[in-house]
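Before any comments, here is the structure.
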Amino acid sequence: MANSSLSQVLLMWKPGKIQKGPCSAEQQTLTSRLLRDTETCRRNFRNFPYPDVAGPRKALCQLRELCLKWLRPEVHSKEQILELLVLEQFLSILPGEVRTWVNSQYPESSEEVVALVEDLTQILEEEEAPQSSALPQDTPEDDPNHDPNPASQAGWLSDVVTKDLVTFNDVAVDITQEDWELMPPVQKELYKTVTLQNYWNMVSLGLTVYRPTVIPVLEEPWMVIKEIVEGPNPEWEPKAQAQCPAKHLPELKQDGTQTVKLEDSYDDDNDDSVESPPVCAFGMIHIDEEGFSVKSELSQEDPTEEYLSKCDIYRVTFEKHTNLGVQFDTQSDDKTALYNESKPPFSNASSGGAVRGKILPGDKPYSCNVCGKQFRKYPSLLAHRENHAKEKAYECEECGKEFKHLSSLIAHQRMHTGEKPYECHQCGKAFSQRAHLTIHQRIHTGEKPYKCEDCGKDFSQRAHLTIHQRTHTGEKPYKCLECSKTFSHSSSLINHQRVHTGEKPYICNECGKTFSQSTHLLQHQKIHTGKKPYKCNECWKVFSQSTYLIRHQRIHSGEKCYKCTACGKAFAHSSTLIQHQTTHTGEKSYICNVCGKAFSQSANLTQHHRTHTGEKPYKCSVCGKAFSQSVHLTQHQRIHNGEKPFKCNTCGKAYRQGANLTQHQRVHTGEKPYKCHHCGKAFIYSSSLNQHRRTHTGERPYKCSHCNKDFSQRTCLIQHQRIHTGEKPYGCRICGKAFTQSTNLIQHQRVHTGARHRN
């Protein structure tokens with residue numbers, strides 16, 4: 001069926017409305033006006049533009065109002081609203097001319113549209129019959145363009161649908177020359193990728209479309225060859241005038257004044273193609289005298305290859321596709337083929353060689369010029385390139401950092417500007433991101449929505465729960481590349497790596513001391529401020545850090561929550577467990593650069609360094625005595641304040657140091673863990689074992705500087721030195737007599753008490 005016959009029928013035939021019952025002229029007029037108003041509201045809703053100034057919230061409100069005016073839920077039922085949506089979709093899938101004509105009849109329902117189209121089909125079939133009988137009888141049967149099946153002539157609707165269902169301009173992304181010049185390279189690449197992706201989506205649906213050149217030709221030198229003076233195809237919208245390079249175009253075989261109608265459609269018969277050559281969707285004039293088929297089969301690997309071999313193609317200027325310019329290249333067989341710089345399937349640019357004909361199994365001729373990944377089909381390459389184009393498309397102008405999403409870039413820029421728009425209403429603290437404010441507010445509300453399924457412990461942040469769960473699983477995903485030590489937290493790995501690099505980026509503004517961890521700096525700064533906000537409820541002792549308070553409270557509770565998996569021994573502190581575990585592994589990864597001595601802990605190495613430097617940073621504020629270790633200062637301060645926090649549960653005796661309490665408890669338990677390998681004698685204290693060993697070896701390491709007399713024990717040397725100094729530190733409180741040794745004082749006190757020495 002020729003398109004002109006369809007146009008004449010649509011122009012002349014005015015069907016009557018399908019009546020649902022008796023209706024007056026006034027009711028018909030009112031119904032027609034109501035339908036026109038409904039159609040106007042629908043168009044206002046569908047064509048509503050996004051107002052840049054008003055903002056998204058106001059735009060959404062306006063769009064919702066337009067939708068209510070169209071669907072009218074206060075009047076229509078759910079079934080009626082559903083019918084309106086189905087009617088709209090049904091009208092949208094009709095062929096272009098039929099859709100326009102049906103819309104002009106203002107149908108009330110989908111059934112009425114069906115009736116209109118069926119009546120139109122019947123009329124066209126009746127007019128088709130006499131035209132088919134009037135065809136010339138000498139048509140050769142072997143004509144490839146001749147269709148002997150009359151049924152195909154009656155399928156006018158499917159032909160129109162094939163030609164009118166989708167054109168490339170329906171899905172094209174139009175830009176102006178000014179937009180193209182302002183585009184960054186990443187967005188230009190995205191524009192090319194999206195355009196080719198739309199083309200391949202249409203090809204995959206079996207639609208006959210002609211492949212555009214993706215790279216815009218706005219900056220290339222063009223000259224006008226021929227203008228199309230007739231009206232454009234209804235499917236196209238006016239664009240800037242496109243021009244072609246003269247050097248690629250042969251002389252046209254038409255008069256310069258002849259006009260070409262882009263809206264003319266054509267079928268397989270090609271009887272009327274002599275006077276005016278057909279024009280494809282991108283302005284190609286086809287002058288092959290044997291004609292061509294719009295619905296010719298396209299090759300799966302090269303959809304334009306078979307079609308391009310049938311005819312010569314000439315480029316004409318038209319008022320359309322400035323942004324999708326087409327170039328030409330002469331082949332060896334004097335045929336003209338399309339190509340573009342975006343490496344199409346029939347270009348050898350993307351695959352490293354000529355890709356012609358069918359691709360053999362296993363071949364992957366299309367490669368990504370970004371990462372080198374290869375693909376068998378070109379649409380797969382296009383989809384892959386689109387991912388590259390979207391990757392980190394937003395760049396910070398301050399530091400050059402790139403982001404994948406615009407929202408991430410906006411949040412990042414607040415680091416440079418210092419903007420903190422999200423403020424806590426309870427304490428006034430401000431944050432740069434809303435998520436940080438949400439997490440902070442849980443401090444005030446006490447909310448802990450994340451719960452550990454193993455132990456039931458609650459957390460305010462998901463990240464804290466994830467870190468905690470590693471204590472149950474034993475997972476340590478972070479590994480040091482230097483010593484292969486693993487950690488459960490990334491922050492622990494970063495802190496550990498500073499042991500190898502020696503980096504100490506955190507500096508105290510008061511004394512200039514540097515630290516490898518920020519927490520250590522915060523702890524150190526409390527020495528200058530003297531602030532101790534954490535208080536024990538049992539003994540009222542105060543601490544500068546909460547961790548110190550927690551450790552101290554375990555003295556009162558006796559809790560030992562850290563257990564060694566090797567021997568089962570339990571400890572109150574995790575650091576003590578770590579120290580103990582090195583006795584099983586024998587690992588000593590911390591080495592002194594001065595003497596080469598190795599240690600199992602970094603703290604021990606730090607303390608050892610002070611023996612070389614003589615540094616004693618911990619000073620007593622009462623007597624001024626300095627110490628190399630903080631624990632020694634803490635123990636010394638108990639001499640001044642009389643504190644003895646370590647108490648024996650058996651006899652009640654108290655001690656200043658926990659080690660002294662441990663040694664004392666062996667008196668009650670009878671434990672003697674230190675055994676001599678020579679005679680088998682056991683001792684409570686390690687110092688007693690060391691003194692006993694000297695009886696076997698004869699070693700006397702302690703020498704008097706006055707008389708050169710040597711001793712096996714340090715206490716014996718101290719007592720001997722009092723002979724030279726005359727010091728008598730042990731005085732009787734009753735008579736005031738002084739003695740050089742404590743044993744002599746004890747014997748003297750029996751004189752006052754009357755006690756006798758037992759033999």
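Just so you know, glycine gets a Cβ as well, placed from its N, Cα and C.
Among the features that Swiss-Prot reports, domain 'SCAN box' is placed at 42-124.
Taken from Swiss-Prot, the feature region 'Disordered' applies to 127-154.
The annotation domain 'KRAB' is assigned in Swiss-Prot to 166-234.
The feature zinc finger is assigned by Swiss-Prot to 366-388 (among others). For the zinc finger (366-388), the predicted model reports an average pLDDT of 78.
Annotation source Swiss-Prot lists zinc finger at 394-416 (among others), citing sequence analysis.
Taken from Swiss-Prot, the feature zinc finger covers 422-444 (among others). Per-class residue totals from DSSP over the zinc finger (422-444), listed helix then strand then coil: 11 helix, 4 strand, 8 coil.
Using a Cβ-Cβ cut-off under 8 Å and counting only residues 6 or more beyond its ends in the same chain, the zinc finger (450-472) has close neighbours at 439, 442-443, 488-489. If you look up Swiss-Prot, you'll see 450-472 (among others) marked as zinc finger, on the strength of sequence analysis.
Among residues of the same chain six or more beyond the zinc finger (506-528), those with a C-beta under 8 A of the stretch's C-beta atoms are 495, 498-499, 544-545. Positions annotated as zinc finger by Swiss-Prot: 506-528 (among others).
Annotation source Swiss-Prot lists zinc finger at 534-556 (among others).
If you look up Swiss-Prot, you'll see 562-584 (among others) marked as zinc finger. Outside the zinc finger (562-584), and at least 6 residues removed from its termini, the chain residues within Cβ reach (under 8 Å) are 551, 554-555, 600-601.
Residues annotated as zinc finger in Swiss-Prot: 590-612 (among others).
According to Swiss-Prot, the feature zinc finger maps to 618-640 (among others). Counting residues 6+ beyond its ends, the zinc finger (618-640) has Cβ neighbours under 8 Å at 607, 610-611, 656-657 in the same chain.
Residue counts of the zinc finger (674-696) by helix, strand and coil are 11 helix, 4 strand, 8 coil (DSSP-based). Residues or ranges marked as zinc finger in Swiss-Prot: 674-696 (among others).
Annotated zinc finger per Swiss-Prot: 702-724 (among others), in sequence order, evidence recorded as sequence analysis. Among residues of the same chain six or more beyond the zinc finger (702-724), those with a C-beta under 8 A of the stretch's C-beta atoms are 691, 694-695, 740-741.
The zinc finger feature in Swiss-Prot is assigned to 730-752 (among others); the stated evidence is sequence analysis.
With a threshold of 8 Å between CB atoms, the same-chain residues lying at least 6 positions outside the zinc finger (590-612) that come near it are 499, 578-579, 582, 628-629. Counting residue by residue with DSSP, the zinc finger (702-724) contains 11 helix, 4 strand, 8 coil. Note on the zinc finger (618-640): DSSP counts are 11 helix, 4 strand, 8 coil. Per DSSP, the zinc finger (450-472) is made up of 11 helix, 4 strand, 8 coil.
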